[in-house]
Amino acid sequence: MAQYLSTLLLLLATLAVALAWSPKEEDRIIPGGIYNADLNDEWVQRALHFAISEYNKATKDDYYRRPLRVLRARQQTVGGVNYFFDVEVGRTICTKSQPNLDTCAFHEQPELQKKQLCSFEIYEVPWENRRSLVKSRCQES
């Protein structure tokens, strides 16, 4: 009986250690699954910059827009990488013809800010140096 209890306690201790060391459910990366992207990651930053650049090319506004804040960033590894961004963008005081648009200040007057909530989907195949904007949807916020 004592040997049975010892074996049972050893199994329970092993299980407890395994569960403590296993990653949390939200940290697990499932192949093909969508998970939160690290905004400090260089590839994520490149994808976001690409989305904003394509967005600015498509707008008829003379003024450059850039992210006010990123609400959510996710990614999915498939035959490349899908990036999904939910971003609040704002209108800057810089026209699109000016250099170094990333440092442009935002309009301070509310009627000129023209904030928008945008969702972008980017598909990238890094080893082929290929990137495309799959979806782009924006609405006034």
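Here the Cβ of each residue, glycine as well, is placed from N, Cα and C on the backbone.
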Range annotated as motif 'Secondary area of contact' - as stated in Swiss-Prot, picked from 26-30, 36-40, 61-65, 76-80: 76-80
Cysteine paired with CYS138, where Swiss-Prot records a disulfide bond, from CYS104, CYS118: CYS118
CYS104 (disulfide bond): tally of other CB atoms within 10 A of its CB: 17
Residue from CYS94, CYS118, CYS138 whose C-alpha is spatially nearest that of GLY32 (site 'Reactive site'), among the disulfide-bonded residues: CYS118
